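Only one structure is covered here, and it is reproduced in the block below.
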Amino acid sequence: MVKLVVGIGNPGRQYVWTRHNIGFLLLDSLASRFLGAFREAPRLYASFAKVEISSEAVVLMKPTTYVNLTGKAVLAAKKFFDVSMEDILVVADDINREFGFVRFRQDCGSGGHNGIKNTTQILQSNHYWQLRLGVGRPSYPGAEGVADYVLSSFSLNEKEKLNDFLEKGIEEILPWLGC
């Protein structure tokens, strides 16, 4: 049995430290902790690392599609690794929660997150797990403001707290991973 953990984010150096890429950042931390190294898998539209956690095979995946097209990569990996819906976890930013908030649950909606919407649409189900990481909401109104906000870098204050925040997210999912 294999578990699939998908971080939502955008490919490219310019997005590495943005709020929208917090899913990638958590996977980088998880891979480092369990000695995994990411490698490209163009057929899966992603880079991935295979790790073993408590004798369980876990695939960590960072799609190379953009956030709004995440579902294509999740479906390709689901088929390739023969993963059940219950063994899929998607890690995403959440602008509806303050920075530092962590929520882990199954069978839930998108909360307006386009990557989650696309994943649910492509999988034709929301029966997968989500780890939502609060990144806060912009202080300026409008959809354009939201897009600019999630594509902007963390504030200095947030950067100082980021490692602890990522660790909090990892601790939340370790029981699901078998630890």
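For all residues, glycine too, the Cβ spot is worked out from N, Cα and C.
Shown in sequence order, Thr18, His20, Asn21, Tyr66, Val67, Leu151 are the residues of the chain, 6+ apart in sequence, with a C-beta less than 8 angstroms from the C-beta of Asn10 (site 'Discriminates between blocked and unblocked aminoacyl-tRNA'). Here Swiss-Prot flags Asn10 as site 'Discriminates between blocked and unblocked aminoacyl-tRNA'.
Taking a C-beta cut-off of under 8 angstroms and a sequence separation of 6 or more, Tyr15 (tRNA binding site) has the following same-chain neighbours: Gly9, Asn21, Leu151. Under the heading tRNA binding site, Swiss-Prot lists Tyr15, Tyr66, Asn68, Asn114, citing sequence analysis as support.
According to Swiss-Prot, the feature active site, proton acceptor maps to His20. Around the Cβ of His20 (active site, proton acceptor), 24 further Cβ atoms fall within 10 Å across all displayed protein chains.
What Swiss-Prot lists as site 'Stabilizes the basic form of H active site to accept a proton' is Asp93. Within the same chain, residues at least six positions away from Asp93 (site 'Stabilizes the basic form of H active site to accept a proton') with a Cβ under 8 Å of its Cβ are Ile8, Arg19, His20, Asn21, Ile22, Gly23, His113, Arg132, Leu133, Gly134, Val135, Val150.
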- Which residues in the same chain, at least 6 apart in sequence, have a Cβ under 8 Å from the Cβ of Asn114 (tRNA binding site)? Val67, Asn68
- By the DSSP assignment reduced to helix, strand and coil, which category contains Tyr15 (tRNA binding site)? helix
- Message: Going by DSSP, is Tyr66 (tRNA binding site) sitting in a helix, a strand, or coil?
- Response: coil
- Reading the DSSP string in three states, the entry for Asn114 (tRNA binding site) is helix
